[in-house]
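A.B. asks: Following this message is one structure expressed as structure tokens.
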Amino acid sequence: MAQWKHKLRIWFETIEDKWVRYFSGQNVDIYRRIFRKMVFFSLISAFIAALVIFLTLSIHRIAAPKTKVPLVKSLELFEAVRLLQERGLAIDIETKFEPSIPRYIVIEQFPKAGITVRQGRTIKILVSMGKDTYTVPYLVGKTREEAENLLRQMNIPYEITVIQSDEYALNIIISQNKKENLVVDRSEKLKLIVNSDVKSTEARVPSLVGKSIDTATKDAINAGLAVRLLPFLTDDETKEGIVMEQSLEANTVVPKNTDLALGVGIYARTPSAQNYRYYLLTHTVQSMGETDANDIAVLVVMVDESGRSLQLFSSTVPRGQLLVIPFKALGTATVQVFLNNALVREETYVP
């Protein structure tokens, strides 16, 4: 213990010696000595000021009179504010959309009513904003970009259907499903119909590289293009079934039904990879025979040179729906389409 006391005394003496030497200015010019003393007194002044402020606030907090927190839950906001201010309490207001509680009614408070606090204490209150609604703007005649920018700014959910018509200007909102200035719940989408930005005889080439073969073929056909699938050997197994290249540059406008070739990834280390091909089946579902049923059971099967039989599609779909089914096969493949268990189409695809 005596040894530790001796070491501690030596440490304090060393610090004291360095402190005295620093501010005494030994071997230092007069300007540096003055500067060091100014820094020293500035630090002392700052410490004293901070101490005074702390003590003042502490005394004020202790000296502030006490009061009980009033019950403001379920009160209208302005009445709640009045009661809290009368008690000398500060207020922190938060809001929340609550469909079951009228607008500007206090939902919750903290601290709870009846608790004794010092005046100046902040009371947090949560206030209902009622239903989350929006006022429908008038968008007919605006460009699609103008309409979408406005809807995003107003945080309005929307859905756009694109049509092609020579009767309207290109890229213009034709109609909306809700009247102007109507107040509706924010969960309800505003549905818009917009005329395409290309003529009815034209198609805009979508960007398809990186998309799956299923998504890419549907997007291309919906755009009005004739799709042709080509194998694209790749050493990256994750690129199997992914579009690696397209023959037409994205976002260009071409005549409708222009041929678009898509190079689709085939993993090069797959056995007989060079013999695999991608094919595309399109078929519009129409009922066979006399039936009023709107939904039709569809089954599509494929057999290729490996002799394997693969089910490409099996589901019930509405009458008139266009099936777009891309598939991979080894060499030549035969596809059969069954509607309500009846064979309606058989087609052979060759490399």
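Glycine residues also receive a Cβ, built from the backbone N, Cα and C atoms like all the rest.
Straight from TrEMBL, here's the annotation block:
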type	residues	note
DOMAIN	63-129	domain 'PASTA'
DOMAIN	130-196	domain 'PASTA'
DOMAIN	199-266	domain 'PASTA'
TRANSMEM	39-59	transmembrane segment
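A description of the local structural setting of each listed feature is requested, covering burial, neighbours and distances.
C.D. replies: Broken down with DSSP, the domain 'PASTA' (63-129) shows 11 helix, 27 strand, 29 coil.
Averaged across the domain 'PASTA' (130-196), pLDDT in this predicted model comes to 94.
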